[in-house]
């Protein structure tokens, strides 16, 4: 029974196909095209017939050709989009490389300008033996009041050697180790430099006075004579009387006369050196052939305070010996 039902259903399907004229015509055309294509290599007449049939169905061929091109173009665009994204990444990477090279160039250019100024200073001041040092560290805060340089005992650096730039006095070496040294700048509150007014030749002491959060920094010159003739813009230089700093190093200029005390006049000094922007400095190893600094024993770190105490003890011992004689 089931077999008869299936036969009836298939028969209805076949009848349905033959009743569907568009479908039937399409099937017939496809069969004819296949036959013509197979026989095209064996008969010129058939070839002509195939050509005529091809001409009839050219619009159909063009439709499928355009459709295939559109699909192919879509996938090509996907591939091209991937290529473009990769190219964009490569271009971005190249741009970052160029920016980095540009930054390095700017940094090297700025360093070259600084070193050029230092070289010019060194050539003009042949009486001083100078060694160039790079700053490698500093105390917290805005100012270079205490900092570390990359020269040490192996480079011939000693405690109390003056440290300068082409602009003027920076400070002195405070501690020395084998490969590095610590420098105390003249703006540090512990610093005191014997100084002289270049115009009037009045002598005083320049002391540091700075807080790390200060917006600006100044020095103060004390112990000037009460009747000292002080004018704004007067230059202040080292006197050479303290046994540490050679005479004539520029300290700064008078900003204003502040007040007068019983032990002398106080003057505010603007430093010649920009203590917010220090990168390379000179260490003065000798002046006019005379070495600067304080000798220390090998493998020993000596501070400036130790050196000064040692100098004081030596002076006291010499005075005692002279008294006994």
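The backbone N, Cα and C atoms fix where each Cβ goes, glycine too.
Because TrEMBL annotations are produced automatically, they should be read as predictions rather than curated entries.
TrEMBL lists region 'Disordered' for one of the ranges 278-301, 302-325, namely 302-325. Of the candidate ranges 88-125, 126-163, 164-201, TrEMBL annotates residues 88-125 with the feature coiled coil. Of the given residue ranges 21-39, 40-58, TrEMBL assigns the label transmembrane segment to 21-39.
Within its own chain, the coiled coil (88-125) has Cβ neighbours under 8 Å at 132, 165-166, 279-280, 282, counting only residues six or more beyond its boundaries. The average per-residue pLDDT of the prediction over the coiled coil (88-125) is 79, rounded to a whole number.
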